[in-house]
Amino acid sequence: MAMRPNIGVPAMSRRAKRVLIALVSLAVLAVLWLQFVGVFVDWLWFREAGFNEVFTTQVLTRVVLFAIAAVLAGGVVFLSVLMAYRSRPVFVPTGEVDPLAPYRILVTSRPKLFSIGLSVAVGLICGLSAQANWQTVQLFLHGGNFGTVDAEFGHDVGFYVFKLPFIQLILGWAFAGIVLAFVAVALLQYLFGGLRLSGPGRRITSQAALQLSLLVGAFVLVKAVQYWFDRYALLFSNRGGTFTGASYTDVNAVLPAKIILMVIAAICAVGFFVGAFLRSIKLPAIALALLVLSSVLIGGVWPLILQQVVVNPNAITREPEYIQHNIDATRAAYDIQDDQINYVSYDAQLTGDPRAVVSDNETVPNARILDPNILSPTFIQQQQLENFYGFPDQLSVDRYTVNGVTKDYVVAARELNAAGLAENQRNWINEHLVFTHGNGFVAAPANTVANGYPDYTVSDLSRQGDIPVTEPRIYYGQLTTDYAIVGAEPGGTPREFDTRTTNYTYTGAGGVGLGNIFQRLVFATEYGDANFLFSSEINGNSKILYNRDPQERVRKAAPFLTVDTKPYPAVVSGRIVWIVDAYTTAQNYPYSQNVTLSEATNNSLTERGAAQGQLPEQVSYIRNSVKATVDAYDGTVTLYSTDDADPVLNAWEGVFPDLIKPSSDVSEELRSHFRYPQDLFEVQRSLLVKYHVGNPVEFFNNAGFWRVPNDPTVSDTVVAPQPPYYLQVQVPGEEGSRFELTSVLTGFQREFMSAYVSANSDPDDYGKLTVLRLPTDTQTPGPSQVQQLFKTTQEISSLVVLATQQNNSRVIFGNLLTLPVNNGLLYVQPLYIQGQQATTSYPQLSRVLVWYAGRVGVGETLAAALTNAASKAPVQTPDTADGATTPPQTLPTDTGTTSSSSTATLTPPADAGAALAALDAASAELETAKTSGDLAQIGAASARLEQAVNDYLALAGTSLSAAPQTPTTSAGG
């Protein structure tokens, strides 16, 4: 590049230059050191965990992408700037005041620095952006076929999932490079007068016009290529509104428009190139106007007219073909095809004797009366042992075989919880070198209690319960968020707290060595803590344990997987391991319905912050193709393939050949603890409410749609779907009980039950979905209706009054379980009592509530509740429409003949005595209404009873409570 003499740029003194160079050098070194530390710490972790292949593949792919993008983008900008600088006007016409003169002087005084610096900056930005797409590139290189073709173009689905995203990425990079070059050239030409916005004469020189026309022509040519591939993106369109995929308008208007616009764009590109060499801007201007006008008319106006005039008035005849494509693709993408689901017609009997249910030998004996979402405070109070131990706020449910009997257990690991340390225990030594691990596995049979509390079986350092553990120490867990430094010199005194009488020294394989000063400096930088350098407690055998959360370890080991939010502990071969479900996902499955994971997996627990939610990742394909285990003692992460037919997993196995073990390596004991994952189940049920309908016309009309009912057990301020529950049940048509993940589905905008869906977790039939379809001509009460009956039953309302009046306690309604049994449906709900002082009291099971064949029963045990229900007369359930979770809370219109009990609810009672009398009167009125069978009378009486209960509780200074709303770190149940 030609050099011009320095014109008027003040020179810096030598001292100032040295200071500036030193400061810049220090800043650069600091940034580079911090970047190096981050990468080096990651490399140490991957090496320790045995996943060098994952680290090196990621880094190499990122580096190559960075280099390619940086060189190409920087090179294009450099050449463009070089050409623009060399073709700048020799004379720059200016006025008396030229605000651009200082900038021209700066550029002309250091042209190499300017051009190279600008190119390097652009290259760095583009390189950093490109390297983040390493997964897209690897899937393009290793992706194969799905064996299924799309309904419009006949391409294999693998083209859309693996190839098309990479092509779109390349086109995006091309657009970015051309736009950056255009901006650089335009600014430089404007700076030197080759491009002017005002003034006499030509506004643009021929050299500037040539260069800018070539760049615009290249942009339009790339746009023509993009139009071609945009045709395929129509299969992900949401124009249809209710379904994803190409609609009638997309196929008959937008698709032809893309082809026409592609041709027009190609012609316009030629026009720009010809105009550039003819040194004329007229032809490029005409081409640009033609492209813009055709894009508006053909690509925008015409599809809009067709949609409004042809499709909207006749959608029921125009859209069914495309809705059918969406139904078929969605079922395949989410594994909910008819051949994957066993649909069973289940004529749930609404009459029968609850005593007959007691004789059931499969489902009823296993009915869970412990609620894992409520009992964490009870576990903490009774099994914590030390203040620095803890349990997740939401416990898990698993099954174990003890003495030859398999049953559900509520389980938890007694983990280290540093947040529980007292102030006098808080110092660097204690937090990182002494209190390093948890201790023990705690379980309780889900179907029994001892004096209202869990009947624990515990295995830890001091005892062995029915589920023996050979290594109960827990160095890796959900509550373990900080690092620990372990290890001691041979013969040294153990330092880590183990029990009140003994200390311990970690001997596991996990951890990164701190034996040399360099690695201590690295971790001192990483954690901002100089104690790594100066503490004499760190020796040559010391190791640091970090990234100790099981989910985090799985995410790092397999960054291409979406991790389930409900890891759970299990005892396998005497060791505590965390089982973590993981998913392969895709966003470009043609015609498949788009799902946002955070929305599909939302329920009453995640809504109120009581359970961890999924990220807002949008997918159109998902498989639970990987099960991961994390050893609680040494942190070993093991990944197992559970779906060899998954094309996405097969592609990643091509990227990381040695990362995932085959399913044949899973031991039988470990397999017996695999659960059907809750996040996947919630995604599938969110789709099944619609996609069980196979007829596109019925689908369009919402005919036969279901919905996931709201959870009736939470407070009125939380309106969110009921979570699914793990239960040991016998599904009709199956032999014996199975460990199932279950959920109730109600009618669309109704509360009556329409279906019951379950997913089998037993090894022999793992993943088998069963849907019990209830008759449409009967009204089987749904969860909200049964919950309302429970709340307004006299025995229960009296219990609430007794608990709040005499014991200053609150009542907690536990999870409302639905069990298919004896050709009917049995609802079971535990009722807990907890004192108002939550820090010193904890939930205790008080009663078991049941509903069966129209009868409500209450008892201290399930059998007692069923016997109590048998003594009651059946009651009818009022409908609650439009998704309401309680009957209408309105009183009858006053006609001058209102009963005394009705009148009593209109005027709030003056004191607790009057409120109690009103409560008794309302309870008696409801019992009378139930025997009448009049739905309106029952609904009004129910409303009056709830009003009376609320009036009494308001005067008593308390309220009917839902489950505790405390933050949580895990989920289960």
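Here the Cβ of each residue, glycine as well, is placed from N, Cα and C on the backbone.
All TrEMBL annotations are machine predictions without curation.
For reference, TrEMBL has these:
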- 872-908: region 'Disordered' (REGION)
- 20-45: transmembrane segment (TRANSMEM)
- 65-85: transmembrane segment (TRANSMEM)
- 113-132: transmembrane segment (TRANSMEM)
- 166-188: transmembrane segment (TRANSMEM)
- 209-229: transmembrane segment (TRANSMEM)
- 259-278: transmembrane segment (TRANSMEM)
- 285-305: transmembrane segment (TRANSMEM)
Closest-packing stretch to the transmembrane segment (166-188), where packing means Cβ pairs under 8 Å, from 65-85, 209-229, 259-278: 65-85
Ranked first among 20-45, 65-85, 259-278 for CB pairs under 8 angstroms with the transmembrane segment (209-229): 259-278
Outside the transmembrane segment (65-85), six or more residues from its ends: residues with CB under 8 Å to it: 1, 107, 111, 114-116, 118-120, 122-131, 133-134, 137, 173, 176-178, 180-182, 184-185, 188-189, 192, 194, 208, 211, 215
Chain residues in Cβ proximity to the transmembrane segment (259-278) (below 8 Å; excluding those fewer than six residues from its ends, i.e. six or more beyond): 209-210, 213-214, 216-218, 220-221, 223-225, 227-228, 231, 284, 286-288, 290-291, 294-295, 298-299
